[in-house]
Amino acid sequence: MLFLGCIKEVSDYELVISLPNGLLGFVPVTQICDAYSKMLSSQVAQGELLEDLNSLSDMYYPGTLVRCIVTSVEKSADGRRSIKLSIDPKKVNNGLNASALAAGMLLSGFVSSVEDHGYLIDIGVGGTHAFLPRQKAQNYIKAVKRGPDLKIGQNLNCVIVEVRNEGRVVHLSVDRSDVAASLATERQNWTLSNLLPGLVVKARVQKVAPLGIKLNFLSSFTGIVDFMHMDPEKSMNYAADQVMKACILSVHPTSKVVRLTLRQAFLHPGGSPNQLSNDRMGAVVEESTVKAFYKKFGAVFELDDGALAFARLKHLSKNRKSFKPGAFKTGCKHKSRIIDYSLMDEMCIVSLKYQVIEARFLQYQDIHTGDVVQGKVFALKSIGMQVKVTDGIKGLVPSMHLADVILKQPEKKYSIGDEVKCRVLECNPAGKKLILTLKRSLVQSKLPVLSSYEDAKPGVITHGFVVCAREFGCIVKFYNDVKGLVPKNELSSEPISCPDKVFHEGQVVKVMVLKCEPQQERLLLSFRLSSEPALEGRKECTPKKKQEVKYQIGEMVDVKVLKKKDNGLEVSILEGEGNVVASIPTMHLSDFITTCKLLWHCLQEGDVLPRVMCLSDKGERIILSRKSAVISAVQEEQVVRNFSEIQPGMLLTGYVRNVMPFGVFVEFPFGVTGLAPKMSMCDKFVTDTKDHFVVGQTVIAKVVSIDEEKQRVLLNLKVSECSSGDSAAESFALLNQYFKEMIEIRSLLRRRGEPSMAQGLYELVPGKELQLVVQDVKEDGSALFSGSCVTGLTVTATRYHLGDKNIVPGEKTKAMVLHVDALTSKVYVSLREQLLSLFLSSGSQRTPSTLPSCST
């Protein structure tokens with residue numbers, strides 16, 4: 001089928017064509033003409049750019065009318081039909097032959113060669129050489145202002161000036177005045193087999209009907225003008241036998257149905273239809289007045305500026321069931337939104353659907369880099385996943401961006417039709433290119449979006465993703481293809497010898513901008529978001545006199561608390577008359593982080609702590625530790641004293657020195673430090689390292705590899721990899737140590753004579769039976785309790801731990817202690833019969849002091 005179309009958009013690989021009745025078609029770059037296709041093939045074969053080969057955007061621009069032919073109608077992945085077109089003259093002018101050519105004919109031609117005296121034009125007629133003299137082209141070249149010469153592959157409206165040798169040679173003109181004045185006549189011998197869209201004819205009205213007009217033209221031809229192509233100013237004044245100009249819009253090859261338009265913009269060949277102002281696209285019109293309703297097609301509206309618009313039937317209501325024809329009588333007003341513009345119909349396309357009117361995005365121009373958008377999965381391909389944001393907006397999630405980690409089988413995680421929340425990495429409205437990410441760390445990030453080098457101010461902290469990790473450092477990418485370098489010395493506060501073993505492609509990282517040169521598009525970054533904090537209160541902890549006594553690492557001493565500080569305890573080593581001052585950081589009071597805080601809270605000046613180990617004797621202050629696991633490792637010689645003793649496969653006890661987004665640094669006694677990368681931190685997937693480890697936490701680490709030259713150690717902290725084999729004994733030993741420390745805390749409070757509430761709090765051990773009174777039952781199903789044994793404390797049970805009991809305020813009940821949070825004075829209990837009978841059936845309860853030791 002032949003159409004007259006209007007170029008709507010131009011990209012590197014295709015032309016988007018507006019067709020009559022709001023349709024769209026696509027012309028691939030290979031469907032221009034033979035000469036252009038040969039140049040494309042030559043460029044591909046040679047692998048280098050050809051000087052004479054111009055891009056489509058150099059030769060074609062929106063608003064240009066072109067003749068085209070439908071080559072296929074394809075069904076896309078989302079079920080919509082895609083019309084493929086060609087403007088190749090051999091296909092468009094297929095019905096013409098040399099003997100049918102006549103002076104005055106208006107044809108489509110394409111420049112195939114540039115000669116000294118003019119241009120060879122391909123008009124698609126076999127055996128005919130068409131020539132355009134240079135003087136006949138000068139006025140056109142000056143008018144279009146697209147260079148000093150016509151370009152190979154350029155489309156032209158050509159009028160035949162002279163026919164020689166029975167059509168084997170024709171001379172052409174592209175002068176705008178000649179083209180605009182051209183008129184198809186009977187003398188040109190047009191037939192239904194070679195009739196072309198774009199021809200302007202004189203026509204006579206044969207019949208006027210509600211949906212259009214029937215015309216006679218070129219003596220024996222009949223055509224139809226539908227309601228969208230009547231002249232709006234004359235639509236009510238057409239009458240039988242009236243003579244007027246019309247332009248052929250389409251010709252169907254089998255049915256021979258010809259459709260025409262009476263709109264003024266098409267009645268002068270070479271012209272352009274009116275276009276919609278950019279600020280009107282997407283506009284919501286509060287009152288659109290119905291001008292006409294066609295029950296099988298849709299409705300024509302008059303907008304607030306007087307322009308006409310058309311709404312297809314499916315856009316008049318949410319669905320067929322909710323559609324009410326009575327609401328579209330002439331004069332009725334409706335709220336609508338402009339969703340498109342048909343160049344060939346010179347009419348806005350509107351929708352009355354609520355979801356369209358309220359839609360956040362309507363076209364690619366509405367989307368900005370960094371926006372979070374909802375979409376539906378509609379295709380999974382090797383390069384990634386295609387997501388439909390709206391009917392007219394589609395984006396690509398590259399394979400790297402399907403998750404925080406690289407997915408080997410994305411089809412197991414995503415299915416067609418799944419709703420997904422994405423973030424826009426890049427949006428190019430001109431090329432209809434939308435790149436998205438599904439990385440949760442980026443989608444949920446609250447940090448600034450870095451979408452241009454101008455945004456990269458020194459000190460800005462933001463999220464990016466690693467695209468390259470090499471010996472020199474890491475390349476990190478952000479939005480709109482902005483990228484920067486994290487040099488090796490800025491990867492961490494600890495030296496990293498092999499960045500490619502710590503960082504991987506696609507890894508989301510938090511970085512700080514150090515320096516940016518927008519003109520050169522150079523960006524310097526750092527993973528060190530702040531300088532490593534020195535030991536708080538270091539100056540205040542300076543000993544009163546120079547310390548002469550030296551202690552060996554691993555040596556056990558007794559100490560007395562001199563002063564409590566925010567970051568730990570200042571103590572005096574009880575040995576002779578030295579009065580040596582040392583420090584116990586809060587995190588080194590225990591292997592258990594919660595117990596560390598409790599001990600710091602309970603200890604007071606003058607308290608004595610026995611058997612504390614010297615951890616470090618460098619610098620101004622001796623550092624001590626009470627971590628039982630670390631002390632045991634040193635005493636049992638399960639440590640390494642220098643790098644040369646480390647061997648892959650060793651299990652070493654240490655403590656977390658630093659938690660970074662990419663991994664955890666672990667320090668061992670005697671100062672050896674290693675790194676556990678993010679992927680080796682936990683048996684579960686790690687999104688945020690801080691959710692799994694805290695500074696000071698005691699850990700058992702397995703040595704994975706060592707770099708002897710740079711003296712670097714890589715570790716594994718996965719529980720499945722770091723067990724010695726008897727996990728039950730290890731667990732009981734840890735539990736036993738925890739309860740021993742809790743008993744120590746209670747002893748401290750008893751000796752101190754703490755207020756009754758505090759003493760009572762520490763007497764409430766897990767497993768103890770309490771007699772309580774229900775105080776309140778909350779909406780979420782949890783309950784609060786009171787009682788003489790818990791005066792001043794908050795006692796609560798979750799909905800689950802109420803079991804099957806329907807309790808009411810004032811009721812007395814038995815409960816068992818599950819957990820005591822001493823720092824917040826909260827006690828968590830259970831009323832479940834299974835637990836009460838299990839622990840209390842013998843009439844006694846097991847307290848921590850009676851738990852079996854690890855030896856049993």
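Even glycines carry a Cβ here, placed using N, Cα and C.
Summarising the annotation, TrEMBL assigns domain 'S1 motif' to 1-88 (among others). Within the model, the domain 'S1 motif' (1-88) carries an average pLDDT of 88.
Look at TrEMBL and you will find 104-175 (among others) tagged as domain 'S1 motif'.
Sequence annotations record features per position, and here TrEMBL assigns domain 'S1 motif' to 198-263 (among others).
When the domain 'S1 motif' (282-353) is classified with DSSP, helix, strand and coil residues number 7 helix, 36 strand, 29 coil. The annotation domain 'S1 motif' is assigned in TrEMBL to 282-353 (among others).
If you look up TrEMBL, you'll see 370-439 (among others) marked as domain 'S1 motif'.
Per TrEMBL, domain 'S1 motif' is recorded for 459-528 (among others).
Annotated domain 'S1 motif' per TrEMBL: 649-718 (among others), in sequence order.
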For the domain 'S1 motif' (1-88), the number of residues DSSP places in helix, strand and coil: 23 helix, 36 strand, 29 coil
Considering the domain 'S1 motif' (1-88), which listed stretch of 282-353, 370-439, 459-528 counts the most C-beta pairs under 8 Å: 282-353
Residues of the domain 'S1 motif' (198-263) by DSSP state, where helix covers H, G and I: 3 helix, 35 strand, 28 coil
Secondary structure content, the domain 'S1 motif' (104-175) (per DSSP, counts of residues): 14 helix, 34 strand, 24 coil
CB contact flag for the domain 'S1 motif' (282-353) and the domain 'S1 motif' (198-263), at least three pairs under 8 A: yes
Tally of DSSP helical, extended and coil residues in the domain 'S1 motif' (459-528): 7 helix, 35 strand, 28 coil
Per-state residue totals over the domain 'S1 motif' (370-439) - DSSP helix, strand, coil: 6 helix, 38 strand, 26 coil
Helix, strand and coil residues within the domain 'S1 motif' (649-718) as assigned by DSSP: 9 helix, 35 strand, 26 coil
